[in-house]
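Structure first, then comments.
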Amino acid sequence: MIETRWPAFVGLVVGTAWLTSIVDTSFAFDKPTYAAIVCLTTLAVILLALGRFLPKGDTPTHKGHYLAVPLQETHANGAPRDHSPHPHHLPDDLAHQPSLRKLRILFVVLVLVICARAELLREIVANVQCSRGTWEPVVPLTVAIWDWISIRRRRRHQTELDDQTATIYDVWESRIMNSSYRYLVVVALVCFGSLGAIRAIGSPPSTHICTSSLPYSWYVPLAQYFGTALDCIIVFCIHGLLYTDEKGGTRGPSTRFSAVGWAFLFAAATLSTIACIYYYASDPDDRRKILSIPDVLFWGTTRLDIVVCLTVISALFCTYFIGAMSTSMVVMFVSVSVRTTSFAWNHTHPFPVGHVGLGFLAMCLTILGFAFYFHMGVTSETEEANARHLTFRKAPVWLYLAMLCLLAVQLCLWAVHKSSVGHHPIDLLMWEANTRHEAYVKQASASTTLEEAVRNYRQRYGRHPPPGFDHWYKYATDRGSIIIDDYDSIHRDLLPFYALSPEEIRDRTWRMIANPFNDASGISIRNGKAEISPNVMPTHRWMLDGIIEMIGHFAEWLPDMDLAFNMNDECRVAVPYEQIESMREAGRQFGELNSPVENTFTPQRGHEWKPFTEEPLNETPLIHRSFQRTFLEFGSVGCPPNSPARTKRHWDTSKICTSCTAPHSLGAFLSNWTKAADVCHQPDLADSHGFYLSPAAFKGAHELFPIFSQSKAHGFNDILYPSAWNYMDKAVYSPNDEFPDPPFAHKNTTLFWRGATSEGVSPGHGQWRGMTRQRMVALTSPESAANTPPQPLLLPSGKKQSYAALPAPLLARLLPASVRIVSTIHRCGGRDCPDQAAAFAPLADPTDFQSHWSYAHLLDLDGAGFSGRFLPFLASRSLPLKAALFREWWDDRLTAWLHFAPLDLRGQGLWATLAYFAGVEGRVRGRREEGERIAGAGREWAGQVLRKEDMEVYFFRLLLEWGRLTDGRRGEVGFGWGV
């Protein structure tokens, strides 16, 4: 077996590094019990198979130790010889051979502890938002303490250096190297250095709710402590099974490794039995969830299984060769080095907040301690007596070189890290926003004549405008529309539909409307008049009436067609990336500028559309996923296969996924509103919004069905249209004498929001703790501030500014905020109703909508779909601070940091953004002028491009484009004037 020692060591280092890099993003943690059973079973099979090839037994001198019996009482020089070895001084397995009964106890304890550890892991992962920092680095320290106690128990005297020529240095070196405390002190040094490095450098805490009204706030940290203790017991048991012999005999490597393999197999069988019992005791819905194994879960578990097997098998062999203490030291050191180095490599910006200098010193301490540990020799005195082969009698040179390189990398990362910023990020973002807006207006309003509009359309979209474009142009200019050329959002929405024939589109429209289950209602346009189709839900009649009113202004120029409108707040259609990209490519190929076209739709098109019957259709193309997670099945399917949203699972919701926020953030502040909507680089959104956690009414399709929706999340293929909610003034800006809209300088600086828990449904499994609305309330509520982790704030530091993590209770006192849930808890079930009521008590009384205008800072948050309050907020003199997953028809028209202040859905920049505008007394000067400037610019621009007339102009152009798409002669019709 001696030839396997180096492969085992290399495998341990590679496996530990690999495992550390993937464990935080593994899909396997969606079902940790399944993953534990799979890994334990695979390990058992491998170990039992290895048992057939490993040596079956050891020779009487299998440990390399000989008991020499002296034949005389003196040495050759006449000096008296040492006493014969006392049994207590013999190698441990020769002096203290345990009985078979003790080995069986070790075996049983190992099986039970593994099962208990798996269950604790499941509990921690299920409520991971309440977890705290890891304590796993203390495992090697525990082993070292056990090693030291073992030496103290057996040792009777300490051999001193007896050399008259020895220097003081030699004496002290001998005392240190032969001290029974040497490994204990060095291991403690490395462990505490590792803990310090992890605490100092790491992702900031998230805003996921861990309220003291629930037991998880104390139960999960306690479970983490117990988990670490169980890990120590597992190490001790495995060490015992690998190192000890039966009484009166010896056990070869085959028997030793097989014993561990059988323990893993028994543990897997025990967990499987418990899982089966739980399955049969569950209700049918829970059984379906238990048996549901998505492809990403299968492959994620498979990948984790491979890495775990490599790491554990290598660790077992290393334990056999160099002992448990040295093996655990290698695992800890490699894991901490990979974690801290990769984080420091990817975070040179002052945000996230961290003690970089302290982290660097802690890593230096860890590296030096680890090098010194191997300099003393890889095995302790106990392990010298028990180790099969002394792998490192002296530490190899390359080990010191590796430590030196790692130290140099840490030094460089510390040197390049920026601890402060010269200019406030919001100042830069506002300047960039102004530049982008000027460029947008220039290209969106370039055309001043119909001829220029036609030419710009052809250059922009590579095809002729649709028939009736001249009527649209006159309609737009007569109503003072500023936006003439930029309708890219319509182009993006309709592009993939060119891959479908007009017949397919008409058939899919009919199938969507004909079944009431689909929650889609139809509007028929015949002979220039719009009418509502049968089977309309009475509760949503107002929506269709608003659409009819909007279309009525321009219906005379529209062709005959049927339209399917989504009656739910949630978007519906998510076509997988592999299909939608080929469909978009087909759309790009449509259109030939050199071919003649007719400036008229096909006459008498009405008969081409199937008539609606009183008898509803029973078949549906939709998948019902209300009250269920939707991110994997719908939210991320529109992303490229190699994108983080489809390859990674950010399951640790106790920390912010900084790699998810980096592409669209500048420090703690959201810098790119468009990219922030892209879920493809944000796998953590799966647990951060009610739409992905548990939507109230979700019926989705993976085929490209033509359905018009008021808003949609990224990756969905619904067709956006101006919402009837805003067109019908369901929420309107209408200040009065009782509720005036004073100038910005006279407004209350409090951040204000009132709303309901309507973002998603929390039926009893705690989904509310990740929903955006609930998280924002908890983040700003003085009552829950004690349970909220410190939040980043950018504070003056001389002539520069530095981030500081301030306690939430202090922020709640320094920065005024009134963010409350109104009246009662909605959309909940089981224990989640009283849990939310307790967490957010006291609930606020209802207020008049017009009372918002007395506040300078208005928070705007998504509900189950888009927020209907945002346009009224823009129309006011207040500054809207908006966090949103869903995007609407106007998204291209507004510029973040010029017309409103954007917030990340995670909420990590909320306090810092509010502090910039409102100020912190005695610490941060408020920028009320900048806040007033953004509020005024948003109000002015919204009055130019978000009027009801602008909604009509947008909808008119959208339906002209849709009319061409559904025309049987789509390639022959178009506005060809000027060709």
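Cβ from N, Cα, C; glycine included.
Pulled from TrEMBL:
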type	residues	note
DOMAIN	681-962	domain 'Glycosyl transferase CAP10'
TRANSMEM	7-28	transmembrane segment
TRANSMEM	34-54	transmembrane segment
TRANSMEM	183-202	transmembrane segment
TRANSMEM	222-244	transmembrane segment
TRANSMEM	256-281	transmembrane segment
TRANSMEM	301-322	transmembrane segment
TRANSMEM	329-347	transmembrane segment
TRANSMEM	353-376	transmembrane segment
TRANSMEM	397-416	transmembrane segment
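Taken as a whole, the domain 'Glycosyl transferase CAP10' (681-962) shows an average pLDDT of 95 in this prediction. Within the chain carrying the transmembrane segment (329-347), a Cβ under 8 angstroms from the stretch's Cβ atoms is held by residues 9, 12-13, 16-17, 19-21, 136-137, 139-140, 187, 190-191, 194, 197-198, 201-203, 311, 315, 318, 354, 356, 359, 363, 366-367, 370, 373, 406, 409-410, 413-414, 417, 658-659, 662, all 6 or more beyond its ends. Between the transmembrane segment (301-322) and the stretches 34-54, 183-202, 353-376, Cβ pairs under 8 Å are most numerous for 34-54. The transmembrane segment (256-281) is in contact with the transmembrane segment (222-244), judged by 3+ CB-CB distances under 8 Å for residue pairs 6 or more apart in sequence. Between the transmembrane segment (183-202) and the stretches 7-28, 34-54, 222-244, 353-376, 397-416, it is 353-376 that has the most C-beta pairs under 8 angstroms. Beyond its flanks by at least six residues, the transmembrane segment (353-376) meets 177, 182-183, 186-187, 189-190, 192-197, 200-202, 204, 326, 329, 333, 336-337, 340, 344, 347, 392, 395, 399-400, 403, 406-407, 410-411, 413-414, 417, 419, 790, 792, 803-805 of its own chain at Cβ-Cβ distances under 8 Å.
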